[in-house]
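Colleague: This structure is in structure tokens; I'll ask about it shortly.
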Amino acid sequence: MENSQLCKLFIGGLNVQTSESGLRGHFEAFGTLTDCVVVVNPQTKRSRCFGFVTYSNVEEADAAMAASPHAVDGNTVELKRAVSREDSARPGAHAKVKKLFVGGLKGDVAEGDLIEHFSQFGTVEKAEIIADKQSGKKRGFGFVYFQNHDAADKAAVVKFHPIQGHRVEVKKAVPKEDIHSGGGGGGSRSSRGGRGGRGRGGGRDQNGLSKGGGGGYNSYGGYGGGGGSDYGNGFGGFGSYSQHQSSYGPMKSGGRSQ
């Protein structure tokens, strides 16, 4: 399961006064940090109140996650697995969910195979493989339900998984009603480094994902079609942090702009 991206954690809601040395001082209690960044405004050089830490291995990152909530310089901060810059624009990449979509499933893959594979990321409550209601034929996709959000985040970060000798794709499954209601915890941060107000739904990518009327899971690459309820996929969780996820270079002193 070793994947370098799983070692990177996003930290939001930092005190504007928190420095990289202060951030490092807190999180190195859980393991060896190979990188530590407080993102700053390139014009004002003030903290944008979020940053990243990278651990030397996944177990250390897991230990930091397990110790949540964290308080740094008086602020209770938000800790999540960092999403790579490449993946940060994907619909649902930053949503806080326990349910994952699994696409590209071959006919010989059973629900038990999904549970066995994904249990390496955390406790799996159940798995389901979607079949056509009339014919009973498997439609090539399914869902995995985790007990907690971090386990789902870890599995989604890996993106492509080998199951029964086949390569399958994993994405977060976000209910369409959450998109339409503006849910998902979207927020904003001011460019001056202070904390902005919590928004609801603004600018959310509503890449609809309909199972009705033979539409198929269009935003997931056209798996299946017909029958069932509706699903959607949109942004949540990190809010306006979405364009600033990881992919940073070697550590420098005095903060880093993105």
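Numbers run from 1 along the shown chain.
Including glycine, each Cβ sits where the backbone N, Cα and C put it.
The domain 'RRM' annotation in TrEMBL covers 7-86, 98-175. Here TrEMBL flags 168-258 as region 'Disordered'. Look at TrEMBL and you will find 168-180 tagged as compositional bias 'Basic and acidic residues'. Taken from TrEMBL, the feature compositional bias 'Gly residues' covers 181-200, 210-239.
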Colleague: Looking only at the domain 'RRM' (7-86), how are its residues distributed among DSSP helix, strand and coil?
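Modeller: Helix (H, G, I), strand (E, B), coil: 21 helix, 32 strand, 27 coil.
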Colleague: Over the domain 'RRM' (98-175), what is the model's average pLDDT?
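Modeller: Taking every residue of the domain 'RRM' (98-175) together, the mean pLDDT is 93.
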Colleague: With DSSP as the reference, give the number of residues of the domain 'RRM' (98-175) in helix, strand and coil.
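Modeller: Each residue of the domain 'RRM' (98-175) counted once, the result is 21 helix, 34 strand, 23 coil.
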